[in-house]
Structure formats: C-alpha cells, structure tokens
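Q: So that we are looking at the same thing, I have put the structure below in structure tokens.
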C-alpha cells in the first residue's frame, strides 16, 4: 500500500533557532523577511507578525525571563528542551494518529530514548539547563527524559537553501529509520518538515522512509562508531552491507594506471588494470589515509585560524595526490574546510574549483535529485554567476530548477533565486 501524499510531511512539534538565527527568522513560523519585529521584553527573538508573537508567547515566556536575566540566548538544544517542557506542562504531547504510523498513534511520551545510570553529556546538559532556566523549575528527571528523547529523535532545522538554522522535534517523522544509503532527506517549507525522496524510488512505509541520522559520506567504521555512540545501535543498513560501495569510499589510487582504484589493504589489486599493490605504495597510501583521519579534529576546531586550516588542507591534498583515490571520502572534510576558507578569503575562483571537486565525489554516492546535491549545485551556481561564468552557472541552474520546484514550490525563496540567477546568467552574454 502506498503512503498518502502528506505522510512524509509534518508541522514541527517544537523547534528552537540557533543563537545566531533568532533575529533572522520568525521564531514561530520560520519565515525569513527583512522586517522582523523583536520581542519587546527580551529584545532578542524576532517575529514576522503580532499573530506569530502571540502564538509563541506560551512557549517563549519562560525563556524570555531567562534571556533577560542572563542577557544572553542559550543554545538551541537548551531552548528546545525548555519549550518541550512547556508543552508537556499543558498536556500537549503532539499525538498524531494515522494507519501508516507504527502502533497507529505516536506522541512525545512513546518516543524512543536510551535511559542510563550516568551519561557525561546528559549530566553536563542538565547542569547547563538549570544554570539558564529561571525558577520555578520543572522536575530534574523530566528534563533528563526530554534530553534523552531529543538526543535521538530531533532533526536539524534548515532553511530552503539547506543551511542549518536550528534544531527541532517531529513526532511522526522521527519514526523513520536510519540508512547510510538514504531514501529520503529532511527538508523544510518554513516549519513544515518533509522527508523528501532522493530518487524515483518512493518509500512504502513511514519507518522505511530512511534518512541518514549522520553525515553518511564517511567510511563505514566511522559511521558505525558515530551511530553506536549516539543512537546505541550497530548499523546493518543497505549502505553498510554494500561492500563494493564501502570499498570505493576508502579506495586508494593505482600506482600504475592512476585512474584505477584499489582496496585499502596490503596486496590490493587495481580494479581497472589488475596491478598488485607494492609494499612501498601501500606505505605511501596508508600514511596519507592516517594523515587524513588525524586531521579531522583540527579541521573541525573553530578555534584554529582559517589561514592555518587552509595551509593544512593544501598540504593534505598534496599528500592525497596519487595515494587516495579521487572518490575517497577522506578527501571530503579537507575539501569542505578549504571551500569555507576560500569563501572567507573571497577567493571565488578557488571556492568554485573546490566546490566542483566536492560535488564530483558526492555524485558518486548520492543521487542527482538528492537535495544534498541540489544545494551543492545551487551554491556552485552562485559562485559561477559571481565569477561571470554564465555557461557553467546556467547548466547547474537548469539541472536544479525543476527538482527544487517540486520540493519547495515555484514561489519559494530558493526557486525565485534560481529564476533570478538564470536571468542574470543570460544577461552576462
């Protein structure tokens, strides 16, 4: 039986915008517009109308007092838990009933969670929560329970260009399982969350509308370690069981034909020319791989200056030359970091080159209609327009125009931007 059209859509049960986004989007409906009005009390959270501000007040009034007291906005996870506690105090558990929902009905109370006797992250969160919250406080065990459920059921909230702007919780859509080779991607039309199919293959059940809980463009062992630590399960999804795909993700470059790929093990053979890896080549490739793994934490460290990161990225890419295959996912964190560094330096040419290289790897493992691919092409098209490369920009924009219309509707901000860029590219000729 096919799912009804609205089965993979849901009005978010609760959400909280990131600190740096609370003044850029309406904190009730997630509309983005030039004229947002701030809350007259805390002067931090913004709204698109008085109607939205009144609708949000029952949740905002508790955090509003805390913001005024501390003269700062807490992080989005703390405020999301605070908002959910407010909803539960009014018996708003978000229950949804439908024949395709596991158990027919689903609400906050029956969301999965992983209770434990002691968890350092949980204890740290609870301590930080009560440092921000203003009395009267909810029960400490309730805050722990909400945190446990939010930790494994929440989604990143994004805007129509795929950029993260906060965190939210969906009651119905959180029933969808994980896959490292996802069938859907989480997208948003304002505060309506959607599980958007990444290809023509449509899920037949809500649980089977698998999306990736993590960045799936990592080696299998890293994916499994991440999932085990946060979600407490050993992943056995289609992506993890696809041996050829996983081997390609960590492939090394052939030392003879260069274009061929080899499994990252001693005596590996090139899948193209059949050459058996020499001991010297094995050591070179192993060194490059270990360097890429070791650099991940430094590349993700915001305290390290971008110029330092840029130099590290360039050295790593030199090391990866003729060792890690062009489609090896260990390249991705390096390329993402270098892309950000190039944008920060306003080096449009370098950013476009790096973004294009990143896209070529993504296309090996993700479908052309996957929103992740569409957003990457959208960013590249913006760079090509800025650089005056009309042919490249037009090609990308035409490829993403129709898929984005299906996801967001022709009147959405991202689609209007695409139309404007197409016109701009034509005027460049």
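Glycine too: its Cβ is placed from the backbone N, Cα and C atoms.
Got these off Swiss-Prot a minute ago, pasting:
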BINDING   26, 29, 48, 52  Zn(2+) 1 binding site
ZN_FING   26-64  zinc finger
BINDING   39, 42, 60, 64  Zn(2+) 2 binding site
Q: Which one, from the binding-site residues 26, 29, 48, 52, 64, has the smallest tally of other C-beta atoms lying within 10 Å of its C-beta?
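A: Across 26, 29, 48, 52, 64, these binding-site residues, the one with fewest Cβ atoms within 10 Å is 29.
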Q: Minimum Cβ neighbour count within 10 Å among the binding-site residues 42, 60: which residue?
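A: Output over binding-site residues 42, 60: least Cβ neighbours within 10 Å is 42.
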Q: So how many other Cβ atoms are close to residue 39 (Zn(2+) 2 binding site), meaning within 10 Å of its Cβ?
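A: Step by step: centre on the Cβ of residue 39 (Zn(2+) 2 binding site), count other Cβ atoms within 10 Å, giving 21.
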Q: Give me the CA-CA distance between residue 60 (Zn(2+) 2 binding site) and residue 52 (Zn(2+) 1 binding site), in Å, as a whole number.
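A: Spelling it out, the Cα of residue 60 (Zn(2+) 2 binding site) and the Cα of residue 52 (Zn(2+) 1 binding site) are 11 Å apart.
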Q: How many of the residues that make up the zinc finger (26-64) does DSSP mark as helix, as strand and as coil?
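A: Across the zinc finger (26-64), the residues distribute as 15 helix, 4 strand, 20 coil.
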Q: Select the closest residue to residue 29 (Zn(2+) 1 binding site) from the following binding-site residues, measuring between CA atoms: 39, 42, 64.
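A: Answer for the nearest of the binding-site residues: 39.
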Q: Between the Cα atoms of residue 52 (Zn(2+) 1 binding site) and residue 39 (Zn(2+) 2 binding site), what distance do you get, rounded to the nearest Å?
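A: With the alpha carbons as reference points, the distance is 11 Å.
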Q: Rounded to an integer, what is the Cα-Cα distance in Å between residue 26 (Zn(2+) 1 binding site) and residue 64 (Zn(2+) 2 binding site)?
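A: So the alpha carbons of residue 26 (Zn(2+) 1 binding site) and residue 64 (Zn(2+) 2 binding site) sit roughly 15 Å from each other.
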Q: At the Cα level, what's the spacing in Å between residue 48 (Zn(2+) 1 binding site) and residue 39 (Zn(2+) 2 binding site), rounded?
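A: Between the Cα atoms of residue 48 (Zn(2+) 1 binding site) and residue 39 (Zn(2+) 2 binding site), the distance comes to 11 Å.
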